[in-house]
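Peer 1: Okay, here's the structure, questions in a sec.
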């Protein structure tokens, strides 16, 4: 990239493409449209004259237009006025397009298509809080701004800042993964069919309100990751990237390679210089302009293979990862993106959504890896759903649970989760709903005794989360609302449900009703995160599992000097049960899912002290005897106690 002034300038091409206002208020418009015959700019500023302002053709398919300042020295195009690029094709078509570099696009209620709106506020929001340090233990709250209120409407950035950020802070999460921020014309796509890559979605508010959200999160010590979609693009032409210059390629491969059959979307040509400029600059834009702290890369499996993972089963055999089926252009793009991000922003965090288990995905580029910090442990939620769907309690396999939670490549960090947005979507059910189903509508009051279904559901909801948190990875993720057992599923307004917002919301109001048990699950999730914050098991080496007893349905492991004991038996408690420990000394209960504030039965005495004996057991030099009910979490006495 020496021709571009080095990779720093090349990856900040948002400073030269799209619209730029110079110090004298002259405006420079620049686009890449290699197949176009001619380009014109039209809009409110010239009364929508289609031919008054032609672009000049430059080399390599670039086009440029300079609009001098008006006689009063103000810019020719003013803040919040509408624009369009008029593209004339070699075939004689006249197309109306939005600049791929547009920073703000809006849609009128009656309209189907988005409008490009010039965004150049006289007093832009200035972020004042520094980025927090990169956390050692990543506890991520996956969130969608639009559904972040109990109201049947599209919630705003400001609502999120005022009402949701304080809850996330209280719950002990130190990272937010924001979904559906990059502009997408179709709300029900959950933000995964992007139309404008540089525009923060206007349906929730203005760019300044998003900047404020991130600034306030930073003031709370919370980092914010953007869910970035560079794996594919919406097929929309009038308000998307598709056929921008009239050709079937431009930013994409020509069909069939440039089309994703399952997603009905377009696929980028990662070997193109201008596509690299666009996508790498897009990453820099969100880091620089909005001060995000990193990215969760969507659809990495689809990028890595020519087959896009469609119909592929991954057994872990190396031949699946190293062969002609691997898309080397995409692979190199991801290495390049990670290299640039981590070089320019040493604290930047990148997470890969990959179901295939590609080796070295989370190793440094210098080692020949792809350079991600974490991958999502996507097999774990599938396993929990499968267990709840198919097995009776007495048929649960402790060995199978432990295997799924520990089956990851050594030295590659995973983010474990019991459920994410995928499991909440219509057609599936959240864990709480699998566990308690229709009883969640009638039997969640804490004033009356729990029914057997609710009792089992509440205890397992906590246990599944804690064992996933403790054993499943080097980071943890929760989808908004699931921490308190949000009832029902998630469904965006669409034709099939009469455009209803009833299921496109999160009922945080349930927490404010003290007589409901949702607040008990919330309290456990909060204290689970706070306990991890104190002892740091996510940042510790993987756990040592000393017991996975099939008959007793007991799992015991230690990690970061914390002893975890789980009893999944549907009916049995155990007295004087011997468990293995590494560190000798005195142990006390630190987190107990059976405590009454968490919807438990309060059967364990927290004043009890447990002393280890030098009696080797299950691969550890020491052991002790404990009484176990639903589950307990113990720490050695050399850790400071509250």
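Note that Cβ sites are derived from N, Cα and C of the backbone, with glycine treated the same way.
Grabbed the feature section from TrEMBL, which reads as follows:
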type	residues	note
ACT_SITE	298	active site, nucleophile
ACT_SITE	353	active site, proton donor
DOMAIN	151-517	domain 'Glycosyl hydrolase family 13 catalytic'
Peer 1: Just to verify a number: CA distance, residue 353 (active site, proton donor) to the residue listed as 'active site, nucleophile', in angstrom, no decimals.
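Peer 2: Distance (Cα to Cα, whole Å): 5 Å.
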Peer 1: Tell me, what is the mean pLDDT of the domain 'Glycosyl hydrolase family 13 catalytic' (151-517)?
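Peer 2: Within the domain 'Glycosyl hydrolase family 13 catalytic' (151-517), the model's average pLDDT equals 96.
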Peer 1: Which residues does residue 298 (active site, nucleophile) neighbour through Cβ under 8 Å, counting only same-chain ones at least six apart?
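Peer 2: 192, 227, 228, 229, 230, 231, 353 - these are the non-local Cβ neighbours of residue 298 (active site, nucleophile), listed in sequence order.
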Peer 1: Within 10 Å of the Cβ of the residue listed as 'active site, proton donor', how many other Cβ atoms can you find? Include all protein chains, please.
Peer 2: 20
